Amino acid sequence: MTDAVAPTTEAPVAPRPARMIALDVLRGIAILGTLGTNVWIFTNAAGMVGYLDELAATPENAWMWSERVLQQLAQGKFLGLLTVMFGIGLAIQQGSAQRAGRPWPGRYPYRAGLLLLDGLLNFLFVAEFDVLMGYAVTGLVVAYILATTERAQRRWLIIAASVHVTMLTLIAAALAFAPPRDSAGSAPLDPNPYADGSFWDLVLFRLDNALIFRLETIFVFPMSIALFLVGARLFRAGVFGPEGARIRRRLMVIGFAVAAPLDLTLGIAGGGDIIVITRYGTAPFVALAILAAVAEFYLRRPRLGFAGTRLSEVGRTALSCYILQNLIAGALCYGWGFGLAARFPDSARVPFTVAIYLVVAVAILTVAHLWLRRFERGPVEWLWNRTYRALAG
């Protein structure tokens, strides 16, 4: 890789090892998978506020049931996968620094600071459900944890996971004894910045409600630390290599045979507030199973194929694609763009949402492919790397 966004040369490229192939594909799956969750926010006429309010609604017809099923299929799984992938990225950076004889975490705080800035800009101007700010803070903490002994890292993992499970248990108990909600839901947004406001109106709305929109980031902080550490430990244990066969098998059994059926049953039959339990409780285990399955697939078949190549291109430009997919969806659905979300009735939301997802996904896959035919890294990745080098020296 070069420092600049330089055109790629015609020199032969050495084949990428199966480990790196799987990593790129997994990043692509995680990026497009998070869109599968977030697209429902864009296609709701009241945006994030309307989406959260309607999670507690009881399905009354086939379309509403299909919406719940589709939402639950993606709910939390790809957020968990993306979080684990960030932890793996930290382990790779640490290994690279150690092989080069550089101290760790060394200059990593510069990286974390830039990611925090990226997340802040993404939160203000693109999407109030940004995850980059939380990953920046989590990454900084975990970077220092990775500099400790294996025993200390295991202790931190247990502590973080225990805090997270305790919080989920308390929430589950509170939900069990809470009085039933008013089925009428919250009052509609008036004025509605998502449907009627300008781009700047939506920025101001995010600022005014920053604490509410950042609550999830605060709540999942222990879980994020745990998943970062899990990702790092799995990578070092060889989950992407032949030696990790037993680990992959266990992850797939736990994730696909146990967690996935439980997740879908609770999320679809329970719905409402139960989504908190599935999104942050069962979904991370499904995410780990997806990781194991993709790793196993590319160990057995180390050729990308058409679909794998397209996904790996998204993975190689993950930061750019994450921001771009939200910008495109916002331009299509929000009032500052085409305003399509407010034009479609609730009865048409499912086919409308599926259509928006397909349009955005195809656009992202196409842009990533065309960009990487000419350049070595995504535009945001290039800018981020140049800024980091200027700061860190």
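Placement of Cβ uses the backbone N, Cα and C atoms for every residue, glycine included.
The following features are taken from TrEMBL:
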type     : residues : note
TRANSMEM : 29-52    : transmembrane segment
TRANSMEM : 72-92    : transmembrane segment
TRANSMEM : 132-149  : transmembrane segment
TRANSMEM : 156-178  : transmembrane segment
TRANSMEM : 211-230  : transmembrane segment
DOMAIN   : 234-386  : domain 'DUF418'
TRANSMEM : 251-271  : transmembrane segment
TRANSMEM : 277-299  : transmembrane segment
TRANSMEM : 319-342  : transmembrane segment
TRANSMEM : 354-372  : transmembrane segment
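Non-local neighbours of the transmembrane segment (354-372) in the same chain are 8, 31-32, 35-36, 39, 42-43, 70, 310, 313-314, 316-317, 320-321, 324-325, 328-329, 332-333, 340, 378-379; each lies 6+ residues outside the stretch with a CB under 8 Å from one of its CB atoms. Here the transmembrane segment (156-178) has long-range neighbours at 145, 148, 219-220, 222-223, 225-226, 229-230, 233, 273-274, 276-277, 280-281, meaning same-chain residues at least 6 beyond its ends whose C-beta is under 8 angstroms from one of its own. Using a Cβ-Cβ cut-off under 8 Å and counting only residues 6 or more beyond its ends in the same chain, the transmembrane segment (211-230) has close neighbours at 48, 80, 83-84, 86-87, 90, 123, 128-129, 131, 133-135, 137-139, 141-142, 145-146, 153, 156-157, 160-161, 163-164, 167, 280, 284, 288. Below 8 angstroms of C-beta separation, residues 23, 26-27, 29-34, 36-37, 131, 135, 138-139, 142-143, 146, 223-224, 227-232, 234-236, 263-264, 267-268, 275, 278-280, 282-284, 286-288, 290-291 of the same chain, each at least six residues beyond the ends of the transmembrane segment (72-92), sit close to that stretch.
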